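Enquirer: Relevant sequence annotations retrieved from TrEMBL are reproduced here:
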BINDING   A:92, A:95, A:132, A:135  Zn(2+) binding site
DNA sequence: TCCTACAATAGACAATGTCTAAGTCAAGCA
DNA sequence: TGCTTGACTTAGACATTGTCTATTGTAGGA
């Protein structure tokens, strides 16, 4: 993620304190924060940052393909900075913990042509649900 | 779905006009309505029905296992009456059309133990995304 | 038919997300 | 270094989706 700022700058992204802080918050493995959580953490580093800016910046990062929107939670969207390695998600039904996982094979292959209804399929999203060791 | 009302009555579900109407609205193949859409259609049949009742009834049907909550849409939950045959969903990225699909194999098998992080996995949700023939 | 517990209602409230108008500032350029 | 400009940020109103509560209504049994 440290080179994210470089990549963005290289793409002509205007660098501001707010954008830098949002990008910094989205750093690490197994990070899946909601927009509100991102805002809460960003405020610690930059108290003036507004909610709208966090939403805007997250939206831009998603458009740029640097961050993935994840819908594991029924309430709020979550943002996953691990956009450059394809992966799926494993969610604890009790505490909501989320892990990135890497299944074997291509999940697309499991869908025969007869089940594609003429669609041109471009993406598959898989969410495994269960109970994590802490909650078991 | 015609026997849904029978099944519910058999389980001691108190039958009311509102509940009957909600159940009737959720009839058919490839039905994936939002709560609001269910309400809109229910109002046609029973103008007095309230939003809260639709939400309550949908929640009860989900608890009873007669209807499945689907999160293909980032905005609102959708309700799928096809609860008795396991299936996954295929969504058009343009128009939002949703089809029930039946992939081959068990998607659970694709996740090796080393990728389970000690979780006890009970469920997998797969959403295929693409463009439908109408939008292509 | 009458009772009673369960269901439905209206509307307030909560959570999440979007939009707008006005002010601010990063980055290029003289 | 000091302008200029258009992109960025802000506060807060608004929209959408969903939940809760107090009150009223009613299904189904006695």
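Yeah, the Cβs are placed from backbone N, Cα and C, and that goes for glycine too.
Predicted, not measured: the structure shown is a model, and the values here were computed from it.
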Enquirer: If we count other C-beta atoms within 10 Å, could you say which of the binding-site residues A:92, A:95, A:132, A:135 has the fewest?
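Expert: Looking at the binding-site residues A:92, A:95, A:132, A:135, the Cβ with the fewest others within 10 Å is that of A:95.
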Enquirer: Select from A:95, A:132, A:135 the binding-site residues whose C-beta atom falls under 8 Å of at least one C-beta in chain B, and return them in sequence order or as 'none'.
Expert: A:132
Enquirer: What does DSSP say about residue A:92 (Zn(2+) binding site): helix, strand or coil?
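Expert: In the DSSP reduction, residue A:92 (Zn(2+) binding site) maps to strand.
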